[in-house]
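Feature annotations, reproduced from Swiss-Prot:
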DOMAIN    1-175  domain 'Macro'
BINDING   11, 12, 25, 33, 34, 35, 122, 123, 124, 125, 126  substrate binding site
ACT_SITE  35  active site, proton acceptor
């Protein structure tokens, strides 16, 4: 039986999955890093959907998640979450990052999505140390999938080889085959 958790090194915008997670900022208006890449690849329909969410409920708070159509992406939907800015680890960053992953998974489960792809949330300009963020991600997702049937497949999509090796090592340590 193949693992429900897999590591992929590459471009998250190119994946054909039910949901791609966007490491968004609170405004949901696009930005740098993976957020900008997803907005560019999805086209203007994604920005329009994000504007509508902002009009209806305001900014997306740290640790929360919202869902939009995927625009021109191959995915069915984009789940936007706001991870914490790293401030040394003493401002509930781990709890907020855990909430971001969990809330994305809850949206995926509620929408009956079979597959979801996560970037390394908060590890870019938000400065969360990659190793610590990966531990939170793997622990949170592993815990979730032991209790829920969906999503059936979770991908950790890493932009660079070093981060991909880090996630693969963590999955191997817990007994999952990351390939």
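Using N, Cα and C of the backbone, Cβ positions are placed for all residues, glycine too.
Note that the coordinates shown come from a computational prediction; the quantities given were computed from them, not determined experimentally.
Structure with Swiss-Prot features highlighted.
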residue	record	Cβ contacts under 8 Å, 6 or more apart
11	substrate binding site	37, 157, 159
25	substrate binding site	31, 35, 82
34	substrate binding site	12, 22, 23, 119, 124, 159
122	substrate binding site	23, 83, 84, 85, 86, 93, 97, 100, 128, 133
126	substrate binding site	23, 83, 84, 85, 86
Requested in this report: List nothing but the one residue from 35, 124 whose Cβ has the fewest other Cβ atoms within 10 Å; the candidates are the recorded positions.
Outcome: 124
Query raised in the report: Which whole-number mean pLDDT does the model give the domain 'Macro' (1-175)?
Result: 96
Requested in this report: Determine, from DSSP, whether residue 11 (substrate binding site) sits in helix, strand or coil.
Outcome: coil
